[in-house]
Structure formats: structure tokens, C-alpha cells
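Take a look at the structure set out below.
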Amino acid sequence: MYFMNLLTTIIPILLAVAFLTLLERKVLGYMQLRKGPNIVGPYGLLQPIADAIKLFTKEPLQPLTSSHVLFIIAPTLALTLALMMWIPLPMPHPLTNMNLSILFMLALSSLAVYGIMWSGWASNSKYALIGALRAVAQTISYEVTLAIIILSILLMNGSFALSTLITTQEHIWLILPSWPLAMMWFISTLAETNRAPFDLTEGESELVSGFNVEYAGGPSALFFLAEYANIIMMNALTIILFLGAHNNPMFPELYTTNFMIKALVLTTLFLWVRASYPRFRYDQLMHLLWKNFLPLTLVMCMWHVTLPIILAGIPPQT
């Protein structure tokens, strides 16, 4: 029974990832005044399936000088962690209802760094290693602000469980009282998932493809799946934290519909940002975080701590 629950979570995620790649290619195509994929199937709808067959039937080449065990473990770990992060997400019912679900997600997102680091190191290629070092520095840096923003939101929520955020946002979305946090959160999620304009790790112009440059076929596809699963997961988390959909216990499917429409809008926003902005320079990327976002998030966190204490003595207004 538990195995079925797991499958009914994993298979839709992988399908969503497959069609997100098609959506991205279509959206970017139309933004660049071309059609995008339109050969395989009607309107190119079977393109993701063709891509999957092509990638997983190719020979998974390995450099002779690479560390063979780590070389295979790294992409597997990346995808496993990306899928595990979906476990505590309430949509409206999580796969496992944890008391400390947000801490579980933060711990897993920190572990995901190891997959990237191992892939760069195990490839035994200078380009892959430079890409991996950039990715690790970027991911670890932006996790700091993500954690502080989450802490500020949880101070308003009063619990570490994500499911209570649905109740918290019954009357007002948290994006309205905490819009500066929401703006910094969105930009940090772009950086955390290595998306343009923060795709320093891929840096086609200087690093060929970044940490996965030596990967071909199946293992390369696993990294690809992990990246896109993380994008959808981050958007889902954004909705739970800031744009909570009202959950009517009589019609739980309405919650899921509402949730997925918002997720689609946010994902399209990710693609729009990719089509519109050039890549940041590495020092600009770090300055944005350490000089701008970190002080601002710390101030906002202190504000959320002190505000309830300041207002505690005021009698309720009628």
C-alpha cells in the first residue's frame, strides 16, 4: 500500500518534469519568434517521450580517469533527493505528515549539494570541477537566505509543519504582509535551482556545460530530471508559504486544482525570466546575496520577532 502511495507521487512528478521541458522549449521558441519542437506527435507533444528514449538508450560513457562509483552515485543521489523533497508537501495531504517538515526539506536541499560536488570531482575534469565549485558556493550561499525567510514565515505560522500554513492563510495570503520576503524568496529560488539569470554553473560560454560536462545518456538525463523536479518543487513550496490555496474539506480536489494552476503560473514566470535576462557575473551573484539579501532578511526576521511582542500589550480592537 505504501509502495502505491509512493508511485502515485513519483510518476506524476516525472511526467510533469517531462512536459515542463517541452513547455520550456515551446515558450522560449515563441519568445524568440520560432516554433519550438513540432515534429514528434501532434504539436510536438510526444517530444519528451522521444527525448527520454533517446537518452536512456545511449551508451553511458565514462572517462577512464573518473572515479567510477561516485560517477554513478552522484546523478542517482541528485534525483533521489529531488524526489524525496516532495514527501512533506501538503497538496492538500502530504505523503508523510511530519511535525518538522520544513526542517526535513532544508536538510535535504543541503544534502543535494553533495551530488553536485561529487559529480564535478568524480569526473576528473577541470571544467566539471570549476562548475561544481561554483554550484556548491552558489547553492550554499542562497540556502542561508532561504532558511531565514522560511524562519520569518514560520514565526507568523507558529509551527514547523507545512500543513498548518493552509490554516494560517485562510483569510489572507502571506505574500501581502510579507511582500519583501516573497520577492527575495523568488529570486533566491531562481539561484538555488541554478536557473537563468543565475545559471553560472552551466556557463555555456566558458564552462561548456558545468559540473555535468562529462556525463552522457542516462546519467545526464538523471541530473536533468533532478533540476526540473527541483524547479517544480520550489514553486510548490512558494505557493504553500506565500499563496496558500483555501482548503475546503468537502472538496479536497479543488485545492489541488488551485494549487497546480498557481504552480504552472510560477513555473511560466521562471521561463519568462530565463528568456528575458542575461547571466549575472559571479561576483555580482555573490554581492547580491551577502551584501543585499542577507542584511535585509535578517532585519525582516528581527521585525517578525519583535512585532508580536510590541503588539502584545494592545487590547483587541472591536
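Positions of Cβ are set from backbone N, Cα and C atoms, glycine also.
The annotation transmembrane segment is assigned in Swiss-Prot to 3-23 (among others). Sequence-distant contacts of the transmembrane segment (3-23) (same chain, six or more residues past either end, CB-CB distance under 8 Å): 37, 44-45, 47-49, 51-52, 83, 86-87, 95, 224-225, 228-229, 231-232, 267-268, 271.
Swiss-Prot lists 69-89 (among others) with the feature transmembrane segment.
Positions annotated as transmembrane segment by Swiss-Prot: 102-122 (among others).
Beyond the transmembrane segment (146-166), the same-chain residues lying 6 or more positions past its ends with a Cβ under 8 Å from any Cβ of the stretch are 88-90, 92, 94, 97-103, 106, 109, 174, 177-178, 181, 184-185, 188-189, 192, 240-242, 244-247, 255, 294, 297-298, 300-301, 304-305, 308. Here Swiss-Prot flags 146-166 (among others) as transmembrane segment, drawing on sequence analysis.
For 171-191 (among others), the entry in Swiss-Prot reads transmembrane segment, with the evidence type sequence analysis.
Residues or ranges marked as transmembrane segment by Swiss-Prot: 222-242 (among others). Sequence-distant contacts of the transmembrane segment (222-242) (same chain, at least 6 residues past either end, Cβ-Cβ under 8 Å): 13-14, 16-17, 20-21, 75-76, 78-79, 81-83, 85-86, 89-91, 105, 112, 115, 119, 150, 153, 162, 165-166, 173-175, 178, 182, 185-186, 189, 192-195, 212, 215, 259, 262-263, 266-267, 270.
Sequence annotations record features per position, and here Swiss-Prot assigns transmembrane segment to 253-273 (among others) based on sequence analysis.
Annotation source Swiss-Prot lists transmembrane segment at 294-314 (among others).
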